[in-house]
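What Swiss-Prot records for this protein:
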type     : residues                               : note
REGION   : 1-81                                   : region 'Disordered'
COMPBIAS : 12-22                                  : compositional bias 'Basic and acidic residues'
REGION   : 194-213                                : region 'Disordered'
REGION   : 231-423                                : region 'Disordered'
COMPBIAS : 259-281                                : compositional bias 'Gly residues'
COMPBIAS : 321-332                                : compositional bias 'Gly residues'
COMPBIAS : 342-358                                : compositional bias 'Gly residues'
COMPBIAS : 408-423                                : compositional bias 'Gly residues'
REGION   : 436-522                                : region 'Disordered'
COMPBIAS : 478-489                                : compositional bias 'Gly residues'
ZN_FING  : 570-587                                : zinc finger
ZN_FING  : 593-610                                : zinc finger
ZN_FING  : 616-633                                : zinc finger
ZN_FING  : 639-656                                : zinc finger
ZN_FING  : 665-682                                : zinc finger
MOTIF    : 736-764                                : motif 'Q motif'
DOMAIN   : 767-951                                : domain 'Helicase ATP-binding'
BINDING  : 780, 781, 782, 783, 784, 785, 786, 787 : ATP binding site
MOTIF    : 897-900                                : motif 'DEAD box'
REGION   : 1135-1156                              : region 'Disordered'
């Protein structure tokens, strides 16, 4: 017969004589190995009628306790007749196998190595010394066995892992704990063993875990120093000089040694005091786990586990042990023991024991008890108790064959836990935990007939001795069994067997090599993903466990969410419907949690109508009940001043000189050293469409403010006529600014830096009215110098006041001059001009507009001890005033730039009125400048903002376009505008490429459209033709807009597509061409004038082109005709026809100039 000789796939055949006489066997000569001098003492054969004592049972007698040896029969650790865990080989003839018996049980009498007998150095379960036969008359082969054939080193004889001398407990050739291939058929002590460490007479079947046919020393066999050896340091071993080996804990006779499992004083299973399963010297019997003193299953006076004494508390002993027979042991038969025989034991014989015996029973049998006639009681009266009880473990119906009940947990019939029928724990027929069948009338404790833990007959008990099922350590399929699927068996499913064992070579072992159908870890055909049910088959990485099937990694078909490897479907968290996620859900948002403010369900905290409840103390004063923003206590700084580093005040209140703190860390934007994030030259990533994104405004350094200054004196018409609406207005006729005698030298120097040598007509006309304190309304075409026209006189006034109040410090930002403009770009441009003009004068200029980080904006305004000039948009100004960040109490002068929008009641008029008040109440001087004023504004809105007697100044005519702009009007239907723009710019409409000498290559062009979205689209179309193009609109954040405008001004881009944000006030140097791709609406007269006014500024000439759709732009055509006429431009005939009937009376808004 062949079997696995190394437990890993290789096969070998070893034939052994049927009967081996007891004699010393010389060791083989092994030059590389150092032999040991220790020899094995022989032991007499044990009588098969000797009571059993191991973790296992005896089919003939009935023991009462768990590990007791007071009666011939045994259960869990009983007398040494059956060969269970820690069993004895004495009953081998009747029981065939033990899990720790004298022969080759776990913890047997062998000596050397882990399962070995001899003394070879560093062998794993090996032995090399010739010794006398152990008690069974054969060499040991099991786990801790003695060598049958001494043959070389570990893993060297026939390459077996469990070989004769150094195998993992093996003595011959095969498997995990298998013995050699012997043929002896003796019965009794020399029976073949199959348990873990069991010893039996060899048969045609290979041996089990830790066994060898006809050999004594399995796991803890008969040698000396093995794991459980018999001499000094074995795990449960026998003392030197012992005549018997008894499996796991051994029996001692004379002296003792202190090995691990030795029989001396401190060994694990030692024989005197504290061993695990040790027994006393001179004891008549050795019964596996129970030994003499304090061992696990000890026998004599101390307190061993399952000891048999009557005075101590051994676990399972006679007195108080676990399963003891006297007083209060675990399973004892007296009064309060666990499973005692009287009343309250766990499994006691009276009324309330769990597993108690039926009324009238004469014996107590520990955990599950034996019954005789009838039973009764309820829960608490029989853990495996009486047939009529219904309690925990109680039966419910009577089995006709046994007279017991069937359904109790530990009941007497079939499915009880410990019942003796079919599925009980320790039951007597099939599936008990350690059950056996000695007869159907007797059920004695945990071990029962068949599939019990340590069971004996056909099914699959732990350590059972049958030949056809899967007992743990049995002959058939036990743990270390010899036939089918034992642990270490050599047949079909054993651990380390030839078919599917651990390392088996055939079907499905660990590291299996050929069979493709089963399921070992790393089996032949599928490796870690085999077909069925081991690690790597239906387990890890296969169809039903980890990595597949219905556990970790992928669910099975019948589970919720079988997605066949696809993405797991997930419904909307808001509405529960599939097909979209919650952020795309068009249903109203449903709160899933209580409101964080009022803790009520049904609404969000942002929608809560209850007063806001602070969740902690005030961050300012530390008192509960209010927020820091509502705290009435003075604000307490949490750290040192950021300016001077001193404690006790905020940076905004710091009286020390403003100190620029050098950065101590890299810039947060570019990670470079040497500058703060707000000074970073790089720009953050564009966030298109996020127009609410704020940023830190980057100011132009003082030394670079004048780099873009251009002298345009040769292009400006200084002879333009200025008309005043009031009596006599002195308009000085000066060729240069030197004629302004009151002009301070610092201001004069700054004008030279700005390359302003001569005042423009509007600057000359507005100078003295403003200096005299009059309210002024000035109208001049774009690019005529309006900004300096109001700045120069006001700066002169501010410089005079600053000399008087130089030491005054404002508690909060309080501007003296307030300039309000409609767009951020115009605010920024005006602020830059004001900084240039006040350079080195001591005056401080600030700005405020949306898009600039609010906190940074506030800090910017607070950084001045005096704020002389503030340039702001209406929205941010209103915010700061309402929040108390800015005070207007010291304001003396107000300027409304692009005033036609600022005073229009349909635009900013209402907000401006709230800020500056009515003219009758207002003491401040007010100046309004714009490129156009309609008659309606003059009559209806201007009186609300300026005082009576104001001065109106006009350069040429109100609302006229700059004559230096060449206006072209083209009839283009809406559907043909794209082709028209391509043609106008010099782009081939078929190939979308630039034509030779394309006009766009020579002209800086600004294209206006009405749709914000179409800005980006048209810019992309033009850019695809190879023209450097960029877009600018209100949906961009302010930093994008500033950067775009700056890049276009500097010539980085040749073309820009913009919405109306670029229509007013922007000075774009060198702009050659303005295109109105879309015309303004019917109210867009002023808008058209301002759009085309971006070119032809400061005396330069420019060109404008308008695409007019006759069908859709009919409302603006009359206004357009009038503008062309007044600008002395040719009006196309088709445009005049388009005006049609609207000509008559349609231009009353453009009547002749009034008499002033």
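Note that Cβ sites are derived from N, Cα and C of the backbone, with glycine treated the same way.
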Could you name the residues, excluding 780, 781, 782, 783, 784, 785, 786, 787, of the same chain that surround the ATP site, i.e. Cβ within 8 Å of the Cβ centre of those residues, in sequence order?
760, 762, 789, 931, 955, 1097
With DSSP as the yardstick, break the zinc finger (570-587) down into helix, strand and coil residue counts.
3 helix, 0 strand, 15 coil
How many other Cβ atoms sit within 10 Å of the Cβ of residue 782 (ATP binding site)?
25
Nonlocal residues around residue 784 (ATP binding site), in sequence order (Cβ under 8 Å, 6 or more apart):
720, 760, 761, 762, 955
Which residue counts does DSSP give the zinc finger (593-610) for helix, strand and coil?
3 helix, 0 strand, 15 coil
Same chain only, sequence gap of 6 or more: which residues have a CB within under 8 Å of the CB of residue 787 (ATP binding site)?
829, 830, 833, 897, 929
Three-state secondary structure, which DSSP defines for residue 786 (ATP binding site):
helix
